[in-house]
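Undergrad: This is the structure I want to talk about, given as structure tokens.
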Amino acid sequence: MSSPGTSMFTTFTKLCKGLALVLVVGHLVVQFIPATIPYLALIPARTIPFAWNLITSGYFELSVYGVVFSTVSLLFMGKFLEPVWGSKEFLKFIFVVNFLTYLCVFVTAIALYYITRLEIYLYMPFAGFHGVLAGLLVGIKQIIPDQEVLLLKIKAKWLPSIMLILSIASSFFTLDSAAYLPTLIFGTYMGWLYLRYLQRRPETKLRGDPSDDFAFSSFFPELLRPIIDPIASIFHRMLCGRSNVTSEDHDYATSGAPLPGSDSAEASRRRERGARALEERLATERMVPGKNKDELPSDALDSV
């Protein structure tokens, strides 16, 4: 008979536990061997010879609080997302969002240096998994937008927006906000960009989520959406207008009839899968305290 605490831990996916171990080991390495920080963290002035830190900087935390928060958040968000996306897609999302986030942070730091001539932007170490966590929060918004989470009964679709508002507000009262705020902003945007345009959907052989419920303006209150939509449409046409036309011509329509996945029906199915995965996980966790984990159906364990 397993204890509730042990049972809860067994519901985390193997991939998430492996990634959490990477974060813990990375933190221990930089704590016991501080000389590795210039080689692993993103330091813009040294990125040109050490280009690999665009990848490695996201997989270790500089503080104890950071590694605890990142590992716990990864484990719990992975329980929602990995069963819906699949392990391969989940890992691909983390790798792509992490790389693009720190690439944007690097470009921003260089631009700020040339604008302000402050060398702090060149030699500040950027590191941490919080950019990926911000992207994963966008994934939660996508699959279970109307699910109420936390004790405050906040709908999941507002979590990324609330996180960014709180981060921006706290930046006015902290001295090291430049070390985390760009990472959170770019992590959120890159997570949305990947899910909106790049994520492959095996059930339809299409990419992305074109539904109106996942548009860029959905991160903003209803009052601001008439202002945001025209601006977002300009960047949409600049960045992927040509490929989108091709996609719409060949994938989303045939003889004027939309194919499955080209409208809000696909977004509804994705939300249903997310809600179903959540229900199965909660049902399994309720069963675990009264049963041995070996008595659970294997497919129920796999679903969580």
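Each residue, glycine too, has its Cβ placed from N, Cα and C.
In TrEMBL, annotation is done automatically, which means it is predicted and not curated.
What TrEMBL shows for this protein is this:
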| type | residues | note |
| --- | --- | --- |
| TRANSMEM | 20-42 | transmembrane segment |
| TRANSMEM | 62-81 | transmembrane segment |
| TRANSMEM | 93-115 | transmembrane segment |
| TRANSMEM | 121-144 | transmembrane segment |
| TRANSMEM | 156-173 | transmembrane segment |
| TRANSMEM | 179-197 | transmembrane segment |
| REGION | 250-304 | region 'Disordered' |
| COMPBIAS | 266-284 | compositional bias 'Basic and acidic residues' |
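How buried are the listed features, and what sits near them?
TA: Taking Cβ pairs closer than 8 Å, the transmembrane segment (62-81) reaches residues 11-13, 15-17, 19-20, 23-24, 27, 30, 37, 41, 90, 125, 127-130, 132-133, 136-137, 139-140, 143-144, 274, 277-278, 281, 304 in its own chain, all 6 or more past its ends.
Long-range contacts of the transmembrane segment (93-115) within the same chain: residues 19, 42, 44, 47, 53-55, 57-59, 85, 121-122, 124, 126, 129, 131-132, 135-136, 139, 182-183, 186-187, 190-191, 193-195, 198-199, each at least 6 residues beyond the stretch ends and with a Cβ under 8 Å from a Cβ of the stretch.
For the transmembrane segment (121-144), same-chain residues at least 6 beyond its ends with a Cβ under 8 Å from one of its own Cβ atoms are 23, 37-38, 40-45, 57-62, 66, 69-70, 73-74, 77-78, 80-81, 84-85, 93-94, 97-98, 101-102, 105, 109-110, 112-113, 156-160, 163-164, 178-180, 182-188, 190-192, 194-195, 209, 214, 270-271, 273-275, 277-278.
Same-chain residues lying 6 or more positions outside the transmembrane segment (179-197) and placing a CB less than 8 Å from one of its CB atoms are 93, 96-97, 100-102, 104-105, 108-109, 124-126, 128, 130-139, 142, 160, 163-164, 167-168, 171, 207-210, 214, 216, 219, 240.
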